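Here the structure comes first, spelled out in structure tokens, and everything after it is commentary.
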């Protein structure tokens with residue numbers, strides 16, 4: 001009976017430490033899991049940006065490249081496992097070098113080996129499974145180096161028993177919340193069973209599968225947008241070429257059929273006749289005819305060149321004794337007065353019929369001006 005009581009007392013005394021070890025172990029495993037999953041996501045983003053910066057590639061080529069790189073990861077996995085089981089990473093320089101150059105070594109640094117035998121790589125049929133193992137092994141290796149680095153910069157108080165303790169497999173993120181001495185004493189906190197390791201490999205493999213599917217969808221979407229952009233540019237080029245051909249055709253027709261001069265007196269015939277640009281279309285000049293009054297050259301109907309007028313400017317003011325020179329002076333006075341009153345507005349002209357009379361109107365949206373010019 002006394003033996004049973006002693007055993008229960010020992011179990012009760014060991015219970016708090018066992019609970020702490022279990023909590024720390026679970027936290028380390030969860031941190032390791034999150035780190036591996038985040039590495040898988042970062043690798044997918046980096047590969048997508050690499051494809052985008054290199055000019056893009058087809059999704060089929062991207063899938064083949066990913067499959068090829070992951071297939072070769074089995075040799076990388078075996079090499080990292082041997083290094084982790086050995087005792088080659090003891091210096092802080094090795095730790096920093098691994099942190100700087102080992103971010104995506106599980107996908108990029110295994111190009112030199114492509115042979116995988118059945119005895120050392122049973123996951124040949126599933127490249128993602130091999131890539132997941134390589135990723136986890138690299139994280140475990142960095143964790144081990146992190147713990148050994150902590151041993152170097154924070155030596156234990158009881159140096160005499162340090163050689164009898166095993167370092168174990170640690171997690172880089174878990175050291176932030178653990179006491180260093182307790183971590184080295186309780187190497188069981190940084191161990192996992194085969195079942196837990198297999199579960200972690202399966203979780204990382206599933207994450208890699210999801211990331212590959214997302215990468216393929218993103219590449220397809222990028223190709224689709226690039227195709228739409230190329231099509232839009234080609235359409236713009238075609239439209240410009242069509243416009244250019246149309247302009248050449250119109251120029252050739254206008255050179256073959258010059259504008260008629262019968263029926264009006266050209267303002268260039270007499271030097272005293274003013275040269276006034278049409279205020280409505282701002283393209284052609286105004287002319288003064290004996291029958292139609294003042295009108296724009298764009299408003300003249302030509303049978304071959306222009307079936308319909310492009311400008312509606314026409315003022316029949318000859319019977320009132322007004323001329324093109326009077327219109328020029330009215331426009332000049334209006335522009336001068338408006339520039340003094342409004343510095344930001346622009347005058348817009350229109351033809352308007354009021355009381356059976358056609359008038360030239362001027363308006364400005366900024367100063368709300370709306371007056372009759374002629």
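Positions of Cβ are set from backbone N, Cα and C atoms, glycine also.
Curation plays no part in TrEMBL annotations; they are all automatic predictions.
Residues 244-268 are the range that TrEMBL records as region 'Disordered', among 219-243, 244-268, 269-293. Of the listed segments 194-228, 299-333, 334-368, TrEMBL assigns coiled coil to 194-228.
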